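Enquirer: Handing you this structure, nothing more for now.
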Amino acid sequence: MPLVTRNIEPRHLCRQTLPSVRSELECVTNITLANVIRQLGSLSKYAEDIFGELFTQANTFASRVSSLAERVDRLQVKVTQLDPKEEEVSLQGINTRKAFRSSTIQDQKLFDRNSLPVPVLETYNTCDTPPPLNNLTPYRDDGKEALKFYTDPSYFFDLWKEKMLQDTKDIMKEKRKHRKEKKDNPNRGNVNPRKIKTRKEEWEKMKMGQEFVESKEKLGTSGYPPTLVYQNGSIGCVENVDASSYPPPPQSDSASSPSPSFSEDNLPPPPAEFSYPVDNQRGSGLAGPKRSSVVSPSHPPPAPPLGSPPGPKPGFAPPPAPPPPPPPMIGIPPPPPPVGFGSPGTPPPPSPPSFPPHPDFAAPPPPPPPPAADYPTLPPPPLSQPTGGAPPPPPPPPPPGPPPPPFTGADGQPAIPPPLSDTTKPKSSLPAVSDARSDLLSAIRQGFQLRRVEEQREQEKRDVVGNDVATILSRRIAVEYSDSEDDSSEFDEDDWSD
């Protein structure tokens, strides 16, 4: 439907009923002439409106041109009369002055009531007025205008504004989500790109001739041929090389001790059966001593002669020596003497059986296990150990004497200070806890007030957002094309309501 801005009336000059007169021709002529004069009058009125608007716009344009001319004249005078030798501008003066910034005002609200043309306004005034429903607005509890339920000119704008603001919030939430994921997984973006599959290798193989191309059946699952030719001329199988040169990793003593025969059977056969490559035999030979050395601590007689030469055994025997002290510490009653002798000397086993006969050691054994689990609760047992440890030192006074004091002292020192610290901590912590609780209670009491203040600030922030198309669109464009985290501060509080 076209919007008629100016309508010249009357539109029809001669379409009228004639009165009962004798001279009808003269009557029609007079009526037509009168209607023409009316049309000229309405035309002159619209011409006045048109030329009046043109005059207003021309006057505004002239004032802008005159102000610009004045600025150019002043600038020209400053440029021509400025002498750089006499007047020196300091760097501070240059920095204090603000740079030129264009303040372009965007045209908006073109179809507002104030910008409504006069003829359109006259046409609008000829329409029927809406019912006076605004009189019921004071009686509404929701605060909405009653007339908007009947007619709401701003309905479409409000709908569009709500959609734009929601889209902006969604964009900001998505950006914050990506930032959070990027912080949690910094290496997520460093994904290796998928390799492009080409037939270049295939054509390179076919370049020498079809008869030299190896079929896929001849290649294993790993892409290498099953048979390998070594430099010394021997041929070995890939499976054989893997089985002999890479023996399974040695297990713990507990796992290897129950089945020594199984480990011994596995080690010797590989060199005998798969004896094609010389390197494999060497690898298996080296692997044998290592395996036998691990098994040797549990079964010394059988393991060394079968799996390993006598040479490596003494070299690898010292390392396993430290492990035995922990078992006597757990299973044998006298824990302090074994630990003291185990650290300086290599042969700890003979020392434990010499001390058990003493009756003093038979009584303390039950207490030591509980202290190992809970030192601070039972301080007396550690103190009793030095008294019991006094008799044994006479046979070898220097060695056992030093170890017990540090061991017992280390046990005794932590046992005594904890109670002191425990007694001091409650004294210092009690007032702090009471203060924290009082602060928490005061914060809870002020919860409703704080929540109200937050709601007021949120409402103020929403009101700050411009209620026009240009501001909303500029805000959305800035959010979409910006990567800074400051842009999300405006809608951070909205996450609480999600």
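Yeah, the Cβs are placed from backbone N, Cα and C, and that goes for glycine too.
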Enquirer: From Ser154, Ser474, name the one Swiss-Prot lists as phosphoserine.
Expert: Ser474
Enquirer: Can you count helix, strand and coil residues in the region 'Disordered' (173-203) using DSSP?
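Expert: Going by DSSP assignments, the region 'Disordered' (173-203) contains 16 helix, 0 strand, 15 coil.
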Enquirer: With H, G and I counted as helix, E and B as strand and the rest as coil, say where DSSP puts Ser474 (phosphoserine).
Expert: helix
Enquirer: For Ser474 (phosphoserine), just count the other CB atoms lying within 10 A of its CB, please.
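Expert: Around the Cβ of Ser474 (phosphoserine), 13 other Cβ atoms lie within 10 Å.
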Enquirer: Over the domain 'WH2' (436-453), what is the model's average pLDDT?
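Expert: Mean per-residue confidence for the domain 'WH2' (436-453): 69 out of 100.
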